[in-house]
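What Swiss-Prot says about this one:
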- GLU191: active site, proton acceptor (ACT_SITE)
- ASP53, ASP92, GLU124: Mg(2+) binding site (BINDING)
- ASP53, SER54, ASP92, LYS122: 3-methyl-2-oxobutanoate binding site (BINDING)
Amino acid sequence: MSTYQPEDTRKVTTHRLIEMKSRGEKISMLTAYDYSMAKLVDEAGMDVILVGDSASNVMAGNVTTLPITLDQMIYHGKSVVKAVKRALVVVDLPFGSYQGNSKEALCSAIRVMKETHADCIKLEGGEEVRESIVRILSAGIPIMGHLGLMPQSINKFGTYNVRAKEEAEAEKLLQDAHLLEELGCFALVLEKIPAELATRVASELSIPVIGIGAGGGVDGQVLVMHDMLGITEGFSPRFLRRYANLANEIDRALKHYIADVKSMDFPNKDEQY
């Protein structure tokens, strides 16, 4: 398995991502939610760190992303930003913080930027959130869009199945993708859509298109850290590649520690003052 060390250690910006697309360099993106893990992810050379509303699932144990609040997202965002020197930090606007009206959306985005010091925000949707996008961008806040499977709309769709397989939905996705670029979004996430459609979107847009379950024809890839490191169990979508099995490693370490405490093997004389 190959490893990577970035040659350019300068801070990644939204403009750098667009430059990376123009020269054909793929963009690496991963979630992080706390200081310690964000520091490791950043030092590894990740281009983008997403403080995702998936924290609702992997950090809080919720079934969906819907329960997480703006205050909670800001807490996680603050923790991550403190650790990061190079990567671009993106914070998700959670469900209910921008769908109501554009004023509410702007207030939410401003809070995220002021309180976390993140580089930009991400939100889900196309035409239906046009006014919110325009209002946020007018305040000088960069936006990463998100189309395809949109977890905040799980109650509307009912499943986490692949989206945009039918012609009508695929056409709407194409229209929304172009709209997001025209409005001024600097990048777009496509989740769980046919690879051929995702490749077409990436080829038609000048902004970076980052996929999760969208094939290899896009400009970059994003995964949830807990999934790719093998911390979460019982979740194996087709698009997920596990690069470690930390759940087993952690289990072994914990049981070893418990055994050493019970047997009085820990602490030994060298581990005392």
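Count begins at 1; order follows the chain as displayed.
Placed from the backbone N, Cα and C atoms, the Cβ positions cover glycine too.
Keep in mind that what you see is a predicted model, and the values were worked out from it rather than measured.
Sequence features annotated in Swiss-Prot and their locations in the structure.
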residue : record                               : DSSP class
ASP53   : Mg(2+) binding site                  : coil
ASP92   : Mg(2+) binding site                  : strand
LYS122  : 3-methyl-2-oxobutanoate binding site : strand
GLU191  : active site, proton acceptor         : strand
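Listed in sequence order, the residues of the same chain lying 6 or more apart from ASP53 (Mg(2+) binding site) and placing their CB within less than 8 Å of its CB are THR65, ILE68, MET73, ASP92, PRO94, PHE95, PRO151, GLN152. It is ASP92 that, of the recorded positions ASP92, GLU124, GLU191, has its Cβ surrounded by the most other Cβ atoms within 10 Å. Largest Cα-Cα distance over the residues recorded as binding 3-methyl-2-oxobutanoate, namely ASP53, SER54, ASP92, LYS122, equals 13 Å. Its Cβ placed at the centre, LYS122 (3-methyl-2-oxobutanoate binding site) has 22 other Cβ atoms within 10 Å. A sphere of 10 angstroms centred on the C-beta of SER54 (3-methyl-2-oxobutanoate binding site) encloses 20 other C-beta atoms. Distance noted between the C-alpha atoms of SER54 (3-methyl-2-oxobutanoate binding site) and GLU124 (Mg(2+) binding site) is 13 Å.
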